[in-house]
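Now, the feature entries from TrEMBL:
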ACT_SITE  Asp9  active site, nucleophile
ACT_SITE  Asp11  active site, proton donor
BINDING   Asp9, Asp11, Asp147  Mg(2+) binding site
BINDING   Asp20, Asp95  substrate binding site
Amino acid sequence: MAGIVVVFDFDSTIIECDSDNWVLDETGFTEKFYELLPTTLWNPLMDRMMGELHSEGKTIEEIVEILKRTPLNPRIVHAIEAAYSLGCDLKIVSDANMFFIETILKHHGVRNCFSEIIANPSYGVIIERIQNLLSTEGKKKFIYLGDGNGDFCPSLKLKENDYLMPRKYFPLSDLVSKDSNKIKAEVHGWKDGEELENILVHIINKEIEGNKINNNSTPKISIDCKLGSIPIMETTTYQPLPKALPVRH
């Protein structure tokens, strides 16, 4: 094992949109949802919308097909497979619907890459729990990928030997720039699936090499996280890792 835990947000990080909004848009319930939102909390209202979809004859199979069409950059799938095959412990911490998350991950063949999915969490508390687990298991590195306002609190929990990967042009990136003196982790921004894959794999390989965890054998990347592994071909190349974003202390 690489001794690295990689934590992903889900909406607008693994997938290219908000999963709740995607389902609402695809079922024609967006307008009704936002009419009721001022007087109802988001998650209870989303549960109500799902009940109304059922009452109007929408089947679970139809919802599953909608979720299968959720936009997801294939390079994100490659990054997940690579991190898993290099020995990282992958987790998701998200306020997205658990059924939505699992359905999308299963469709792309990467559900088994994740050891844990935590939905609708108190972000800071969850990150602290994972950090405590790291210390007991001897894992040393933490990589956090996110995009939204809710990802800022867990970003503050990261330590100097950890990595933060905020998505460029999204709220988390803006917050990190404004309050960079509060961030201890090394920061690497990314804008799309290609950059995410390149940066994440470079960080993991750098840590593996630096800690001499690898046994000098050819790294292997799993095809679907369930079957066997295949060696990385010599033609597999990644762009040089961008310089870490400057963070004032």
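Every residue, even glycine, has its Cβ placed from backbone N, Cα and C.
Remember, TrEMBL labels are computer predictions, not curated facts.
Residue density at Asp9 (active site, nucleophile): 25 other Cβ atoms are found within 10 A of its Cβ, drawing on all protein chains shown. Of all the recorded positions listed here (Asp11, Asp20, Asp95, Asp147), the one with the fewest other CB atoms within 10 A of its own CB is Asp95. Asp20 (substrate binding site) has Asp11 as its nearest neighbour among the recorded positions Asp9, Asp11, Asp147, going by CA to CA distance. Note: the Mg(2+) site is recorded as Asp9, Asp11, Asp147; in the same chain, Phe10, Ser12, Thr13, Ile14, Ser94, Gly146, Gly148, Asp151, Arg167, Phe170 also have Cβ atoms within 8 Å of that site's Cβ centroid. Rounded to the nearest whole angstrom, the C-alpha distance between Asp9 (active site, nucleophile) and Asp147 (Mg(2+) binding site) is 7.
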